[in-house]
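*Asks:* Sharing a structure with you now.
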């Protein structure tokens, strides 16, 4: 038996890649300096994996922004709008991810979507009529050669052709089948070049195989691989799957002339059953047995019990998915040992994979004994009062009265807002000064009184600016918050916070998910102080800003000893108490963000309701069910595909919902219209994840497109998402255009 991982975190132990790349974006360092720093980081990571005793080391799992974008770039899947710009390869690459606005042109970034059921976001490739698929990139070869210079023969990794097609957009009437032959040829060219460089095996990531597959999709997969595998150019091929099981394609998959197949034994409900039914003796099974998505220690006894049932002769132990979904290492954390011993970040998961391999080979008795002792000890007690409160919930606790239509009329009279009311999603730019003041306060270098004074000044400044520009519903800006989940978690029992537990979310943005350690209750009011202060500074309504229970759960590392449903209901009751306190303090518009609602939606449609939506949607309703009819409840969702769960979203019974929409070309509007969506909506009118400022007239056209699909009385005008990560100049310029466009659109309604 040997060991490997599917992939390793990219940002670095201390987010070195993030800070270096941001310097490049600010033109503080050259492209050569960025590339040199990235090369140094890769070498460091390979060395860590090697020193941990992992026998097969992957390469090309590193990315300057996103691995799906890397694959698109490798195969020349670059939209004509970007291909025509006179830019360097690196500039063109980042233009696809971030947009480009300069002397050489003005192009929007490609859309961004959640990567399956994770909080990682990928850039969506675009296939057009003009797309000529061919081998165009060189990153995969350069990184293999780099590792070889260090004495390492790595296993190159690239997104497989089926998944590349499945996660892409197609325009101009083209379809995935149109690119099968060209993709097969291009992948074979990759095989040939890697074999020439000395590679032995390539990993083709095909997570799309774990979803529901139609007959057409199965045929596409088999056609691709029949052509692709007709000539492997002397290279061994591993088809690697993750995030679930491959029940729809298993019988075909095991008959393909591949050398190895990677299966997920953590999230794959039927993986063990499939393998026990037979696995080819001439293939190697890469068994994903260590959870790549959560931070809890692996229970060796349970993992070994699974491994003992696998009939395959040739097994490589691996992670269930890439380790980019967990933090780098626990070595920099300050938890007491009794807590820290329960956690395994990426580096520690290497130890776990090696331990399991050693135990299987009769050499890991000490590691097994220590692991047994860890799991034999009760980790945390339960809150009996909270458990009783949840047990006592009835249907009435999940139902808001009066019904939506009656509330809508009451709120229209209460707020007297103009047509197409304008607002933002919540946060304003967090400047260096804001971050420095927060850090100084945390370190005790700034008094609470001085910090509060600073925050009040920030709120005053932005409330005044919003009034001057002409916004209808204001926000306080969230200057007191570092992260929309961590901020709440710090005021909830049962939560722990890592010091350096950063995980890549999109591009160079990292998030630091808190850890749900025990039962969750609210310790004290969380947002009332600054929301009520902001409301006192203006006659216009100011939104109270909360993070919803499902998003708090999905953006945390959840417990594994109780169900995520039970954890979510605990959080929902805590946020419900906060909602009622805000309402009592005079805050009459309350936004409860559910940005991550889609994130843990099962990948198979048959599991959507029973396993998730049947409790996730009621958990949201529980939060706001007892507010007064003249209190308006907003929610916000971003960067996921929502079109197929529109009825469930309407069933959340919010009064207003804002969606990410501009970057995905307002695709959601047709579905809202088709499903007769009742909730008032704010489809984002410009993309905040790109630094470019919308052109004059751009937002006007977007509003026009929205009004063609949604009745004007149902429409709100807002950006795609919060503005925390943007700069002040671009933010103000964009928001001024937003308000001007809304005012112009109102004139056309008259």
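Including glycine, each Cβ sits where the backbone N, Cα and C put it.
The feature 5-methyltetrahydropteroyltri-L-glutamate binding site is assigned by Swiss-Prot to 15, 16, 17, 18, 114, 555, 599, with sequence analysis given as support. Taken from Swiss-Prot, the feature L-homocysteine binding site covers 425, 426, 427, 478, 593. Residues annotated as L-methionine binding site in Swiss-Prot, with sequence analysis given as evidence: 425, 426, 427, 478, 593. The annotation Zn(2+) binding site is assigned in Swiss-Prot to 636, 638, 660, 721. The active site, proton donor annotation in Swiss-Prot covers 689 and rests on sequence analysis.
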*Asks:* Cα within 10 Å of residue 426 (L-homocysteine binding site) is the criterion; apply it to the recorded positions 17, 555, 599, 638, 689, 721 and give the hits in sequence order.
*Replies:* 721
*Asks:* Just counting, how many other CB atoms are there within 10 A of the CB of the residue listed as 'active site, proton donor'?
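*Replies:* Taking all protein chains shown, the residue listed as 'active site, proton donor' has 22 Cβ neighbours within 10 Å.
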*Asks:* Taking Cα atoms as reference points, rank the recorded positions 18, 599, 660, 689, 721 by distance from residue 427 (L-homocysteine binding site) and give the first.
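*Replies:* Sorting the recorded positions by distance from residue 427 (L-homocysteine binding site), the top entry is 721.
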*Asks:* Among the recorded positions 425, 593, 636, 638, 689, 721, whose Cα is within 10 A of the Cα of residue 555 (5-methyltetrahydropteroyltri-L-glutamate binding site)?
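*Replies:* Checking Cα-Cα distances against residue 555 (5-methyltetrahydropteroyltri-L-glutamate binding site), none of the recorded positions falls within 10 Å.
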*Asks:* In angstrom units, rounded to an integer, how far apart are the Cα atoms of residue 425 (L-homocysteine binding site) and residue 721 (Zn(2+) binding site)?
*Replies:* 6
*Asks:* For the C-alpha pair, I'd like the distance in angstrom between residue 638 (Zn(2+) binding site) and residue 599 (5-methyltetrahydropteroyltri-L-glutamate binding site), rounded off.
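*Replies:* If we compare the Cα positions of residue 638 (Zn(2+) binding site) and residue 599 (5-methyltetrahydropteroyltri-L-glutamate binding site), the gap is 10 Å.
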*Asks:* Does DSSP give residue 425 (L-homocysteine binding site) helix, strand or coil?
*Replies:* coil
*Asks:* Of the binding-site residues 478, 636, 721, which one has its Cα closest to the Cα of residue 17 (5-methyltetrahydropteroyltri-L-glutamate binding site)?
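*Replies:* Ranked by Cα distance from residue 17 (5-methyltetrahydropteroyltri-L-glutamate binding site), first place goes to 721.
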*Asks:* Out of 15, 16, 18, 593, which of these binding-site residues is nearest residue 636 (Zn(2+) binding site) by C-alpha distance?
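*Replies:* Smallest Cα separation from residue 636 (Zn(2+) binding site) among 15, 16, 18, 593: 593.
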*Asks:* Need this for a regression test: binding-site residues 15, 16, 114, filtered to those with Cα within 10 Å of residue 593 (L-homocysteine binding site). What's left?
*Replies:* none
*Asks:* Return the residues near residue 16 (5-methyltetrahydropteroyltri-L-glutamate binding site), defined as same-chain residues 6+ apart in sequence whose C-beta is under 8 angstroms from its C-beta, sorted by sequence, else 'none'.
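*Replies:* Same-chain residues close to residue 16 (5-methyltetrahydropteroyltri-L-glutamate binding site) (Cβ under 8 Å, separated by 6 or more) are 37, 41.
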*Asks:* To the nearest whole angstrom, what is the C-alpha distance linking residue 478 (L-homocysteine binding site) and residue 18 (5-methyltetrahydropteroyltri-L-glutamate binding site)?
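*Replies:* Counting only the Cα atoms, the answer is 23 Å.
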*Asks:* Just to be sure I understand the packing, how many Cβ atoms besides its own are within 10 Å of the Cβ of residue 593 (L-homocysteine binding site)?
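*Replies:* That number is 25.
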*Asks:* Within 8 Å of the centroid of the Cβ atoms of 425, 426, 427, 478, 593, which other residues of that chain place their own Cβ, given that this set defines the recorded L-homocysteine site?
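*Replies:* Same chain, not in 425, 426, 427, 478, 593, Cβ within 8 Å: 424, 475, 484, 545, 591, 636, 721, 722, 723, 724.
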